[in-house]
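J.: Handing you a structure now.
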Amino acid sequence: MTNSVVNAVDGVITYLAGIFDNPSINYKELVILSTWVQTAFEVYVLRRQMPCYERPLPPPALKQHISKETFTKAQSYSKDKTRFALLKLIFDQFLGWGLIKLGAYSGLWNFSSKLLSNIGISPNRVITHSLTWMTVLTLISSIPGLPWSYFQTFVLEQKHGFNKSTVKLWITDTIKTYALAAVIGLPVLAGFLKVIEWAGKGFVPWLMVFLISIQLTLQIVYPTFIQPLFNKLEPLPQGELRTKVEELAGQLGFPLKHLYVIDGSKRSSHSNAYFYGLPWSKHIVIYDTLIKDSSVDEVVAVLGHELGHWYHAHPTKLLLVTQLHLLLTLTIFSIFINNKSLYASFGFDPSLAVKAPQPICIGFMLFQLVFEPTDALVKFFLNAETRRMEYQADEFAVQLDKKSDLSSALIKLHITNLSSPHNDWLYSMYHHSHPTLPERLNAMDNYTGENTLKLKGKPAEGEVETEAKKDL
């Protein structure tokens, strides 16, 4: 039965591969057209948002919480950010269009071949050649974005009082980021290519195992070796906040191993809190800016929301969704892996798609260019799903009797981050993984679900007659 299913899938893939390997399909022009259409759509979405920043008053739900001065600052900051995003989007499109139009992908493949020959390495070592090509291509496409990153940090964020970084720190962070991309990314890419080379036509399940293993490894490696390169994590000092967080984690059965405070103020005055780790060992990280700007109960309420994500297994569910998307992507790639027409459209020798050793990296990169516009549809779906999860995590905090503290914490975060309370519906659907603040406050006010949480160490309702009843 299993073999028949596998053979049927192989037959479908072979059939589709023949259809899409058609010289009459100009993949290069198709990519150019689709990216311009996607960019036009994203420009339209950003333009729809701009009038929201001209509204003179905050929404009724926030009128009592946001002063006129703060609201004006938030509108100005959001307008500047959206203008920056609009210009950066257009710049990136012209850069990408230029690289394709000028034949940079095939040109850099030939350049990397000569580069290897000059240092005594045979270009026929296809994985080495592929890694060199990807390195050069990444540098060519990413270096033009550095001035934009500098402007965002030292002009835009500086203008509105958020930047705490220095030029030296920004340069150091940039170098570290590129170094980590090389140290981690290149070996992973080499493994990616080697698995496909070894597994042949049946590479998809083996590649899935490899990539999932890498993701799990990074879950362990990142907090221990990577995060400390950028931020300092210290144990949260003993005190009321630590006591209440540990108490809440214990009551929920959350496997808390470490509780950290991170020096987010080193670079920005924005606030956040999150947890990470393996199922049996979790770590909570709280930004020092959140602790500074919020009361103890408000910080605990924010963490109550975060633990709601754990309680409802949201990270696991999102992981499964992303793995299904990855599986679908790799399966579709198997249709294009030997597509000579795809290679030829971008100026490569079409024989590279079929002769051994095959530079699979070329095919995968070109495949990503062809299917990149579908990411917009995936973005809509993932945002819808994460917004649903945010509502659910808010409801969890309400069940913990932390509605008031969470509401005030969210309002403070909104004010501190100078977020505009007005959003166009399409802009919000496309760009926001979280509901807007008015939507979250309204949902908490209208929550009518059952309060059925039973916390460890808390008497159940009716067990002790003298115990004050709580809606948990």
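Cβ atoms are placed via backbone N, Cα and C, with glycine included.
Pasting the feature list from TrEMBL:
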type     : residues               : note
DOMAIN   : 53-232                 : domain 'CAAX prenyl protease 1 N-terminal'
TRANSMEM : 131-156                : transmembrane segment
TRANSMEM : 177-196                : transmembrane segment
TRANSMEM : 202-222                : transmembrane segment
DOMAIN   : 235-446                : domain 'Peptidase M48'
BINDING  : His305, His309, Glu390 : Zn(2+) binding site
ACT_SITE : Glu306                 : active site
ACT_SITE : Asp394                 : active site, proton donor
J.: As a test of the contact definition, list every same-chain residue at least 6 positions from His309 (Zn(2+) binding site) whose Cβ is closer than 8 Å to its Cβ.
T.: Pro315, Met389, Ala393
J.: Which residues does His305 (Zn(2+) binding site) neighbour through Cβ under 8 Å, counting only same-chain ones at least six apart?
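T.: Correct list: Ala393, Asp394, Phe396, Ala397, Leu406.
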J.: Most Cβ neighbours within 10 Å: which of the recorded positions Glu306, Glu390, Asp394 is it?
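T.: Buried the deepest by this measure is Asp394.
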J.: Compute the mean position of the Cβ atoms of His305, His309, Glu390, which form the recorded Zn(2+) site, and then list in sequence order the other residues of that chain whose Cβ is within 8 Å of it.
T.: Glu306, Gly308, His314, Met389, Gln392, Ala393, Asp394, Phe396, Ala397
J.: How many Å separate the Cα atoms of Glu390 (Zn(2+) binding site) and Glu306 (active site)?
T.: 9
J.: Note the mean pLDDT of the domain 'CAAX prenyl protease 1 N-terminal' (53-232), expressed as a whole number.
T.: 93
